[in-house]
């Protein structure tokens, strides 16, 4: 990929929130706290899934993948944002921008597929409990995890190449706090309709196939739960997948909203805050959503802490 891309661009300026210096100070403190909580929560999920034998199940295997993914996604953007919030230098190199976009797109695509696979796991647990261990065999889980990570980053490679083939004609000020598709396309000095159509096509594939899988899984789950006669059984079944459905709603809701924003100044500001939500807030709350009402995870935490205090 040619760093100059038909222009003199060798780096970019991430404008972010530079037009609001007072907000930058507040955001620095808030985002630093959120980032530390993200590291703590997701690292705890991964560690507990490794340490407690009761959590070495398909559900927690995929949850560990989600936690690792959230750690990577947040770390790919937030540390740089914190540096930019504290100083006048808002620059990022061309190669740094390419790498950031590649990682962000790869992790985003991977999470789309992962949430679909986790919905399938919920379906197997609720609708096929007697065959669950056969359906969600550890080898199959490992194969699905490998496939979704590979597919996510293969798609990211393609989209990243398409984005940086667009001529920029010297424009290098990105109206965002990290390198993302919509603000990068706004730097183009040519009609980007064809590029946008190609990117939209691939994005829709990675959006609607997991959504279809999630819809199918939860349609079957609801039907199965409604056939359970006892209220306690219904609560247990809904509790098994309720956390996942909350995470799905947060992720897809903010992502779709961000990419369907019209291109005007007001929506640019809105888009930055929506991006903050899915780059830092969602990865931070995911571990709490999965643990606050989960007796298995809370029990594992107590065991670890009790063992450490002996």
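Yeah, the Cβs are placed from backbone N, Cα and C, and that goes for glycine too.
Noted in TrEMBL for the protein shown:
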TRANSMEM  26-48  transmembrane segment
DOMAIN    41-290  domain 'G-protein coupled receptors family 1 profile'
TRANSMEM  60-82  transmembrane segment
TRANSMEM  102-126  transmembrane segment
TRANSMEM  147-168  transmembrane segment
TRANSMEM  199-216  transmembrane segment
TRANSMEM  237-260  transmembrane segment
TRANSMEM  272-292  transmembrane segment
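Long-range contacts of the transmembrane segment (199-216) within its own chain (CB-CB distance under 8 A, at least 6 residues past either end) are made by residues 109, 112-113, 115-117, 119-120, 123, 152, 155, 158-159, 162-163, 181, 248, 252, 255-256, 259. Residues 16, 28, 31-32, 35, 38-39, 41-43, 45-46, 49-50, 92, 100, 103-104, 107-108, 110-111, 114-115, 117-118, 121, 138, 141, 145, 177-178, 247, 279-280, 282-284, 286-287, 290 of the same chain lie 6+ residues outside the transmembrane segment (60-82) yet bring a C-beta within less than 8 angstroms of a C-beta in it.
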